[in-house]
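Visitor: My structure is below; once you've seen it, I'll send some questions.
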Amino acid sequence: MSNPSNILIYIFMILMLISGTANTLTAKAMDIVHSEGAKFEHPYFQTASMFFGEVLCLLIYYTMQRINKRKISIDSKPILGSPPPAPRTGLYKKLGPFIFVIPAFFDLLGSTFIFIGLILSAASVYQMIRGFIIVIVCIYSIIFLKRRLFRHETTGVIMITLGIAITGIASIVNKANTAEDPVLGVIVLFIGELLLGGMYVSEELLLKNVNVDPLQAVGIEGLCGSCMYLLILPILYAIPCNEPKMCDDGRVEDSIQALKQIGASWQLMFLWWGTMTSIASFNFSGISTTKHVSSLARSTIGASRTFFVWIFSMILEWENFLWLQLIGFVLLVFGTLLYNEVLVLPWFGFKEAVGKHRTALLEKRTKDGTDEDAIEIVGDFKLGMQFSACTL
């Protein structure tokens with residue numbers, strides 16, 4: 001832990017865990033607050049607010065530029081040791097950092113489905129199904145990033161899938177206090193996960209070709225998403241809708257009513273700003289983790305916040321304790337720990353598989369030109385996480 005880069009990686013991951021938990025809770029709290037005589041149910045406006053929050057990262061980035069009185073281009077030296085980006089050609093050369101409009105598009109679609117699913121589902125079920133992102137990213141990584149899965153990773157993915165399936169069944173059989181339509185909610189959340197998986201993997205692919213500061217990358221995604229939603233929201237306002245579970249006041253999205261409700265309620269105002277700042281922090285720490293470790297590591301850490309969301313949901317009486325849900329949660333966490341090599345089992349060849357995975361990782365990084373510090377970061381991180389797990 002003497003290496004400051006190691007400490008920085010731990011900070012990114014802890015920040016991702018805390019801000020991710022806060023974002024889920026504040027977003028769900030907004031959905032159940034009443035203002036102007038109605039519940040606040042505006043999934044599209046909430047998605048747009050998420051992008052508005054990400055723009056804060058761009059403002060912070062340029063403010064830091066002015067304070068430091070130095071120009072940082074996309075070819076500047078990164079915060080942590082990482083292989084130099086490949087020569088840029090085609091769109092990479094033409095767009096530079098604005099190539100991140102691609103993951104922004106996946107984020108826009110995926111987050112829209114996620115916010116709709118959050119309205120229809122209980123908060124902990126929403127968070128546990130979000131853990132399915134590990135499976136999606138895993139599949140996409142094999143197809144698009146040509147990544148090989150080892151025995152412990154495959155087993156972890158299977159356990160995570162079983163845990164999510166049990167959690168979904170628990171939501172459907174025992175409707176939670178804040179679940180509007182658990183069946184539809186689960187379906188919508190899965191669609192959102194498929195789209196967000198595209199965002200995770202496309203970000204990792206782009207970060208290998210464009211050397212960009214994480215604050216700038218998140219800010220650009222937020223700026224692109226905000227511009228898209230400034231065009232989409234007026235269109236959604238004009239489209240009539242008579243499905244009360246999916247629409248508000250006879251429209252697909254009534255952003256004017258959303259702003260009126262926020263202005264009339266200090267609770268909504270507090271939660272709105274909390275949602276925007278927490279998502280900015282979550283995505284900044286998340287893309288930093290992707291840049292310096294991998295998108296798979298990012299997805300497993302994101303799933304780890306499930307426990308805290310589950311606990312707070314019961315404390316706030318948003319839902320009741322369910323044994324079936326607990327079983328699903330245990331499988332999800334155990335699979336996540338096994339996949340991320342936090343827990344290394346000495347049986348059935350798992351320990352040997354972990355060793356082969358680390359050897360392959362180091363060989364790849366050495367071949368790609370990664371300096372020794374970067375290799376030490378990854379190795380020390382995993383060894384440190386195992387040591388922490390063994391001492392619990």
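For all residues, glycine too, the Cβ spot is worked out from N, Cα and C.
All TrEMBL annotations are machine predictions without curation.
Per TrEMBL, the feature transmembrane segment maps to 7-25, 45-64, 98-122, 128-145, 157-176, 182-202, 214-239, 264-284, 296-316, 322-348.
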Visitor: Taking the transmembrane segment (98-122) as the reference, which of 128-145, 182-202, 214-239 gives the largest number of Cβ pairs under 8 angstroms?
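Guide: Answer, by Cβ pair count: 182-202.
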Visitor: Could you check whether the transmembrane segment (214-239) and the transmembrane segment (45-64) come into contact, where contact means at least 3 Cβ pairs under 8 Å with the two residues of each pair 6 or more apart in sequence?
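Guide: Between the transmembrane segment (45-64) and the transmembrane segment (214-239), which are separate recorded stretches, there is contact, as judged by 3 or more close Cβ pairs.
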Visitor: Top stretch among 7-25, 45-64, 182-202, 264-284, 322-348 for CB pairs under 8 A with the transmembrane segment (128-145)?
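Guide: Looking only at 7-25, 45-64, 182-202, 264-284, 322-348, the most contacts with the transmembrane segment (128-145) come from 182-202.
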Visitor: Other than its close neighbours in sequence, what residues sit by the transmembrane segment (264-284), given a CB gap under 8 Å and a spacing of at least six beyond its ends?
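Guide: Hits for the transmembrane segment (264-284): 15-16, 19-20, 22-23, 26-27, 29-30, 33, 35-36, 40, 46, 49-50, 52-54, 56-57, 214-215, 218, 221-222.
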